[in-house]
Amino acid sequence: MNTRNPDKVVIVGGGTAGWMTASYLKKAFGERVSVTLVESGTIGTVGVGEATFSDIRHFFEFLDLREEEWMPACNATYKLAVRFQDWQRPGHHFYHPFEQMRSVDGFPLTDWWLQNGPTDRFDRDCFVMASLCDAGRSPRYLNGSLLQQEFDERAEEPAGLTMSEHQGKTQFPYAYHFEAALLAEFLSGYSKDRGVKHVVDEVLEVKLDDRGWISHVVTKEHGDIGGDLFVDCTGFRGVLLNQALGVPFVSYQDTLPNDSAVALQVPLDMEARGIPPYTRATAKEAGWIWTIPLIGRIGTGYVYAKDYCSPEEAERTLREFVGPEAADVEANHIRMRIGRSEQSWKNNCVAIGLSSGFVEPLESTGIFFIHHAIEQLVKHFPAGDWHPQLRAGYNSAVANVMDGVREFLVLHYLGAARNDTRYWKDTKTRAVPDALAERIERWKVQLPDSENVFPYYHGLPPYSYMAILLGTGAIGLRPSPALALADPAAAEKEFTAIRDRARFLVDTLPSQYEYFAAMGQRV
């Protein structure tokens, strides 16, 4: 048996997944591993305006990229939270922010809020970020300093950790919005400058050896391209993993019915409209609409289930929602494959991106899945014996992340008090994963903590579950009975401190538009 260490990686497919993978692997392994990326010049990518988790900054830090280098090239803006609009009732909104939950006397502040909150806005009472979002503030001052100074110096943060190792230690206060195609273009230049070979060609066939492993891909103009490890970044088609290697796809459609989207890229006068520091998810009759603010435009799209809405109806609803600015903008209709591959790594093929899995755009998990998979590939990169435990570890980590996010998204629909259409009525009777159903019963009397959420790393800390449970409004919750016997004075002091801190930051921070205009960007 050939025990030579694998040192030739072939990535099939470009887009965000392909170029994030290429740039990360090249930075991780340098000249010790050759990386070739093959992408068609004719097959389009799904990428639209993208929103992210705050952990994405670790990706850019790993590549030694500073914000001023990549953000202007990608029309990027800051994201402090997701704003959920009309999920509980028309006109109601709440935020799921990037901000750790405070605790008082051993109980999360949300418990104290349920016991005796100062207002009916849990997000503004328990998080500073909600007020900054309502006021449209940037997380940075005009001199570039961050609202939380310790992160500028990185003195309080452990270095060199993966996302799963960071969770619970710190919470960076923002993520990003950016144009996916522009990020792919930027990372393409970064990767090629560092030795990644770029082949623009169509893959005609995937050839297997007598073991069933991929030996090479056959291209139209460049002939055979061989390698040791092949990375499938071919999107929903899954050309290598699903088609050539026959790995089955595990659908999540029984619990998450949205299977379609229509997207628009709409130029807007951001000086007049401002640049909100959040992703907006607005509930509609048969799904929800995302709004992602970028430099000079918004990315927006209607995510829906075709059993409840036709593509024509969805496009009309989206255009009416955006207004006259969308009149001449071309629509991009997308069929989504919701679920994950049974294995994301089989033999010598690893799927990353949509070929691995996708759990609809709600909560901005697409880029997170890519980033997590790349980190795990480096962590489990094989030696010459291709030890099966490395594949098993990788597959377990990737599956756990997607299954955990699935539970979290199901909670959004099950928990939404909105009940005015057949779609929203059906969200209350649809299948629920057994473990989630058990957890919800516990959360009704004890809010989520690290011991009673999904037990494996999936990028979502307990406070995220608290925000959704409290914000969507359909699941009855009550505080810990112990609080009826506790002194509320310390909690009241904490609520006051949050309100005072929020007022100070709203008064002193610039708006997002003011910040990016001052940075010299053409907004």
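Glycine is no exception: its Cβ is also placed from the backbone N, Cα and C atoms.
Since this is a predicted model, take the numbers as computed values, not measurements.
Mapped onto three states, the DSSP output places Gly14 (FAD binding site) in coil. Look at Swiss-Prot and you will find Gly14, Ser40, Ile43, Val46, Val48, Ala51, Val203, Leu354, Ile367 tagged as FAD binding site, backed by a large-scale study or a structure entry.
Counting only same-chain residues at least 6 apart in sequence, those with a Cβ under 8 Å from the Cβ of Lys79 (active site) are Ala51, Thr52, Phe98, Tyr174, Ala175, Tyr176, His177, Pro277, Tyr278, Thr279, Ser364. For Lys79, the entry in Swiss-Prot reads active site, with the evidence type similarity to another entry.
DSSP assigns Pro97 (L-tryptophan binding site) to a strand in the three-state reduction. Cβ-based neighbour count (10 Å, all protein chains) for Pro97 (L-tryptophan binding site) stands at 28. Taken from Swiss-Prot, the feature L-tryptophan binding site covers Pro97, Tyr456, Tyr457, and the record attributes it to similarity to another entry.
Around the Cβ of Glu363 (site 'Important for activity'), the same chain contributes Val82, His96, Val405, Phe408, Leu409, His412, Leu460, each under 8 angstroms and 6 or more positions distant in sequence. Residues or ranges marked as site 'Important for activity' by Swiss-Prot: Glu363.
If you look up Swiss-Prot, you'll see Thr365, Gly366 marked as chloride binding site. Classification of Thr365 (chloride binding site) by DSSP places it in coil, neither helical nor stranded.
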L-tryptophan site span - longest C-alpha distance across Pro97, Tyr456, Tyr457, in Å: 22
Nearest recorded site to Pro97 (L-tryptophan binding site) by CA-CA distance, among binding-site residues Gly14, Val203, Thr365, Gly366, Ile367: Thr365
Alpha-carbon distance [Gly14 (FAD binding site); Gly366 (chloride binding site)] in Å: 15
Ile367 (FAD binding site) versus Tyr457 (L-tryptophan binding site) - Cα distance in angstrom: 16
Spatial neighbours of Ile367 (FAD binding site) that are distant in sequence (at least 6 apart) but have CB under 8 A: Thr16, Met20, Glu50, Ala51, Thr52, Phe53, Ile56
Same chain, 6+ residues apart, C-beta under 8 Å of the C-beta of Val203 (FAD binding site), given in sequence order: Val12, Val38, Ser40, Val217, Val218, Thr219, Val239
Euclidean distance between Cα atoms of Thr365 (chloride binding site) and Gly14 (FAD binding site), Å: 19
